[in-house]
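K.L.:
Provided herewith is a single structure, encoded as C-alpha cells, for subsequent inquiry.
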Amino acid sequence: MEIKHLLFLVAAACLLPVLSMKRKSAKKLFNKLVTDLPNVQQEIVNIHNTLRRGVVPPASNMLKMSWSEEAAQNAKIFSRYCDMTESNPLERRLPNTFCGENRNMTSYPVSWSSVIGVWYSESKYFRYGLWPSTDDDISTDRYTQIVWATSYLIGCAIAPCRHRGSPRYFYVCHYCHEGNDPETKHEPYKKGVPCEACPNNCEDKLCTNPCIYYDEYTDCSLEVRFLGCNHSTPRMFCKATCLCDTEIK
C-alpha cells in the first residue's frame, strides 16, 4: 500500500468521528429551535416586540405581535422546500388576511435571535420617510416587515435540508397582516409618541387593538366614500375600512 493512500485512510478514520459528533451536535441544536416548542414561540414573539417598541423614530401605532399557529403551519410547509425564493402569497394567506415573509438559510443551526438579528440589521440602510435605495445590493424589506405597524400575528418554522449537497437549515417567518406595501414602504409605521394612536389599548409602548380584517383594495377609502359599506364591493374587499373604526389598521 502506498504511503499516501495509507495517510489518507488514517486521516479519514480520524475525521469520521468528528463529522459524526458535529452531526449529533447540529441535531441537538436543531431540536431546541423547532417552533412546536412553546418557549421558542415566546422567544420569537418577545424578540419582535422588543425590536418594534424600540424603533427610531418612535411609533405611535405599533401593534403588539402574538403567535399564530396557522401562520406557523404555513411557514412550516414552505420551509420544507428549502427555497430562498419568496413563496406564493396564496400559500401564506389566513382567513382574513395575507401574510408577509422573511427567510434565511444557514449551514449550521443558529439561534432565532441571531436570524432575526440578521433581518433587523438591514435597519442600517433605512431612513424613515425616505424611499429605499434602488441599489440591488441594498435591501430593507426584511427590516421593514419586522417593524410594519399593522403586522400583529407571526408564525415561524425551521427545517433541515440539503443545498447543493451540503446540509442547510432554512428559517421562515410569516407576518400577518402583510407588510411592505410599495406605496408606504418608506414609512412602515406612523411616527409619534408611543401608543398615541391607541391611548386606551396600550401595553408597554405597543398597541393591543388590531383590526383583524384586511383591505384587499388599495383605494378602499374612495370605494367606501362613493359606494358605502352596504355595497357588495366594499363589503367584500374593504372589510378593514368598513368594520374597524377605532382599531389599528
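Numbers here mean position along the shown chain, with the first residue as 1.
Each residue, glycine too, has its Cβ placed from N, Cα and C.
Just so it is clear, the model here is predicted, and its values are computed rather than measured.
Feature table excerpt (Swiss-Prot):
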type: SIGNAL; residues: 1-20; note: signal peptide
type: DOMAIN; residues: 45-175; note: domain 'SCP'
type: CARBOHYD; residues: N104; note: N-linked glycosylation site
type: DOMAIN; residues: 211-244; note: domain 'ShKT'
type: CARBOHYD; residues: N230; note: N-linked glycosylation site
K.L.:
Looking only at N104, N230, the glycosylation sites on record, which one has the least crowded Cβ, with the fewest other Cβ atoms within 10 Å?
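P.N.:
Selected from the glycosylation sites N104, N230 on minimum Cβ neighbours within 10 Å: N230.
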K.L.:
Looking only at the domain 'ShKT' (211-244), what is the model's average confidence as pLDDT?
P.N.:
93
